Structures are given as structure tokens and as C-alpha cells.
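Taken verbatim from Swiss-Prot:
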ACT_SITE  SER95  active site, nucleophile
ACT_SITE  ASP232  active site
ACT_SITE  HIS261  active site, proton donor
DOMAIN    30-268  domain 'AB hydrolase-1'
Amino acid sequence: MERAGICHSDGFDLAYRIEGEGAPILVIGSAVYYPRLFSSDIKQKYQWVFVDHRGFAKPKRELRAEDSRLDAVLADIERMRTFLQLEDVTILGHSGHAFMALEYARTYPKQVRKVALFNTAPDNSEERQRKSESFFMETASLERKKRFEKDIENLPQDIDKDPERRFVHMCIRAEAKSFYQERPHAAALWDGVFTNMPIIDELWGNTFARIDLLQRLADVRMPVYIGLGRYDYLVAPVSLWDAVDGLYPHVDKVIFEKSGHQPMLEEPEAFDQSFRKWLDQ
């Protein structure tokens, strides 16, 4: 099997990158962005398969309305899994990709051994986003709030200059909400990442707003790991997930106390220890 390449799926060139050996972990999102988040140590312990979905892939044809449907994305993931001859995978979704990961496990349960969901809220509704914003304003330090206000002021001009990368610009300008500690070079994580904005807009803006992960967890029987950052103000507060405690015995919830939206990058040792323990169970 090639360690990197392209899988052609329904008019999209989906990139993949494979690192390490062992039990397969299928990481949904960008094959450029996500390998940068995880430590070299944990990437040696398992077979990490980083794959694009069509929101991060250049289309080979004109976009159609159905290209933004979640079931089309799930079909891409299944096509990639078949193409790479992967079996019995742990499927991993971070942030909005957690919705994709759990939906894939619900749709293709025979192909999934475990599910890992990181740094997401149970839904992406406007009401939940307002709660997250209120939590930030009520609990964040004055220094953090000032830094966010300063950074976000530059977002409109970033988008004016490069509207097709507005998703990336929003992620970069929200750094004060994303990281426990300031990371001056965090923008480099997004270097070379293509964004297919019509698809991202539909999924993040509409589809994920209608999905309640707390309810969908009842539909899967395989083990689920939910990893959260205490200072992840993008999807705060972590108490949004309190309902899983005692309700779902197949779900393990872990809160990383000195992390924001990327605990695998911010607390690599604690992350690796916790995640490896769960993977090896």
C-alpha cells in the first residue's frame, strides 16, 4: 500500500497519508492538516490513516447541491476505506468531523471497531453557539478576551482578500478561543490546506446544527472515546457533555485540563497516555 496518494471519488480527488504500523485509525478531515496535530510517538504505535473529505478536496467538475450532503461524505469515507483495504477501524473525528465519524459508525457499523470524538459540542445549533459565546464572556480572563477582540477585528479584511479560505481565516483569528496558551505560530498548521467552502458552509452551518450527538450515541454499540479541552471556548463548556455520565456505559469521556481545541497538540504526553490506554483495551 502506498503511504500517500489520491483516491478518486465522485468527481473529487481525496488525498490520503499513512503513518505508522498497527491497528488502523482512520482520521477524517484534511490529510494535510491533521498529521501535524499528533505526536510522532503515538503515530508510530498504530497505523494512522489521514484522509481528506470533499470539503478539503478540489473538485474535478462543477459542484452540485447534493455534493454537500452528509451521506455523500460518508460514501466518500467508505470508498476510501475500501480503496485502502482497511478493516475493523477506529474512526476518529475532531471538531466538526466528530459528526462525520459518529454518523459513519452508525451507517457502517460492521467496519468500525471504536469511535473517537474530539473537541466537539453535542450539536452546532445557533443556540449552542450562543451558550458557548456566553460562557467565554463570563469565564475567560480579561487578557484572553482582549486578545480575541484584537485578532477578530482583522477577520473581515482577511476574508475580503481571500474569501475562499474564510474557514481557515476564522480558525486562525479565533486562536484565543482555541488554545489554552498563546501559540504565535499556530497559523502555520493551515499552510497548504485547500477548503471547498460551499460544502463546508452547508455541513457546518446547517447539517451539524440538526444533529444531536448525545442522542446519536444511543445508536452505536462499539466503544466511544470523547476527548475535550477544558479551555476549548469554541465548543464550551465541557458540561454540555454531562449527560453521557452514567447514561452510556460504552462511552469514556476525558477532559484535558490544560488544553483548548487541540489537546493532542497542547498536551501530547497526557493525550498519548490516555488515548493509547483506551485504544489498547
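Even glycines carry a Cβ here, placed using N, Cα and C.
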Taking the Cα atoms as reference points, how far is ASP232 (active site) from SER95 (active site, nucleophile) in Å?
11
Counting across all protein chains shown, how many other Cβ atoms sit within 10 Å of the Cβ of the residue listed as 'active site, nucleophile'?
22
Excluding near sequence neighbours, so keeping only residues 6 or more apart in the same chain, what lies with its CB under 8 A of HIS261 (active site, proton donor)?
SER95, ASN119, LYS177, SER178, PHE179, GLY229, ASP232, LEU234, VAL235
